[in-house]
Amino acid sequence: MNCVLTEARLVTMQPGVQGYQITEPQTLIIEQGRIQHIGQHIDLPSDAHPISCAGKLVTPGLIDCHTHLVYAGSRANEFELRLQGVPYQTIAAQGGGILSTVNATRKASEEALIELALPRLDGLLRSGVTSVEVKSGYGLTLKDELKMLRAAKALEQHRRVKITTTLLAAHALPPEFQGRSDDYIAHICQEIIPRVAEEQLATSVDVFCESIGFSVAQTERVFHAAQAHGLQIKGHTEQLSNLGGSALTARMGGLSVDHIEYLDEAGVKALAQSSTVATLLPGAFYFLRETQKPPIEWLRQYRVPMAISTDLNPGTSPFADLSLMMNMGCTLFDLTPEETLRAVTCHAAQALGYPANRGQIAEGYDADLAIWNIEHPAELSYQVGVSRLHARIVNGELSYES
């Protein structure tokens, strides 16, 4: 027996059920990293050493399903320039923008990338996160994309957390392929994806499908290559315009479409006819001072599951706090606190391809939990800057975050 929790008020977050589903104080028996038994009256073996939650709320461990937390360099100077009204095109021409992060990341060693990522990861863990998705996309060469993915996977060796890695080589056009985007897509499909699959460095492949990124046709090529190598797909779609990338991703069985500020009703209907999750990224919306909001009412009307994530990255969402994103989901996108908690638990698990073992509290599920010093779950999206986390449990192992 690995762990026993007693007097735990559970917020089970089972999908498809209304409300927080708060239970009376329960006992949880955890064995081999999974929840084996839940009940009010369970006979414990004589050698058990139960941990009393003393009536504290216990939720599923939070899941940050979209991050770029492995990178080198800073974009703080770019932030200042943007506030002064300098256009992004001018910043990029002066060596700034995403390619400045690419240059810094290429120069950094795998070990340096790990050290730089750990403080960002620590911020997420302090907000109750137990699972994190990490994308590549700042290398844009075979060598550097592999380096980023290896660094991301290595984070599990330094912190008690579950890392899911995603290949995002189709994030931007590297300088070496300027004016030859189709050639770069061919390089991704023929060289990068096969190597990533062979070394099992990622479970999914993402594409920035946008007017300043890659076309729908190019995105489809990458998706076909990914699926041919047994990898899942997902898309950065409809952030700046409505190209139809979300509908493509849904039609091809993608895990999630992310950003989606410009998603139209036809795109929402395409999501509703699939199992693809709509991932909202309020941090980027806020940081870029956008005004076009995701179509929340349509997503509700057509019952499309919504996830929320930090989109932690140096250029458009430098935030390492998932509770802040929950608050922004409420204040900027008019979600309810219940919707935001669902968005970082069961729906986020679905967005990563883990709907059957993460994101809710139920027998047989992974023992990834967060124990909170709060009276009601709405407090998680209500107050920002004061940690209410008592402890995390990852694979049945207790961890206290300072």
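Using N, Cα and C of the backbone, Cβ positions are placed for all residues, glycine too.
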Completion exercise
Checking Swiss-Prot, the member of Gln239, Gln383 that binds 4-imidazolone-5-propanoate with Arg75, Tyr138, His171, Thr316 is Gln239
Exercise for the section: With His66, His68, His236 listed by Swiss-Prot as binding Fe(3+), identify the candidate in Asp122, Asp144, Asp311 belonging to that site. Expected result: Asp311
Problem - binding-site residues clustered about His171 (4-imidazolone-5-propanoate binding site) [Cα within 10 Å; pool: His66, His236, Asp311, Gly315] - result: His236
Problem - Length of the line joining the Cα atoms of His236 (Fe(3+) binding site) and Asn313 (N-formimidoyl-L-glutamate binding site), in Å - result: 14
Fill in the blank from the handout: Tyr138 (4-imidazolone-5-propanoate binding site) to His68 (Fe(3+) binding site), Cα to Cα, whole Å, comes out at 9
Practice task
Enumerate the residues of the same chain, His66, His68, His236, Asp311 excluded, that satisfy the criterion Cβ within 8 A of the mean position of the Cβ atoms of the recorded Zn(2+) site; list them in sequence order.
Solution key: Thr67, Lys135, Asp258, His259, Leu281, Ala284, Ser309, Leu312, Asn313, Ser317
Practice task
List the other residues in this chain whose Cβ sits within 8 Å of the Cβ centroid of the N-formimidoyl-L-glutamate site residues Tyr138, Asn313, Gly315, in sequence order.
Solution key: His68, Tyr71, Arg75, Ile98, Thr101, Gly137, Pro314, Thr316
Handout entry: Cβ neighbours within the same chain of Arg75 (4-imidazolone-5-propanoate binding site) - under 8 Å, at least six residues apart
Key = Gly96, Ser100, Thr101, Pro314, Gly315, Pro318
Exercise for the section: Select the most exposed residue of Gln239, Asn313, Thr316, where exposure means the fewest other Cβ atoms within 10 Å, treating these as the binding-site residues. Expected result: Thr316
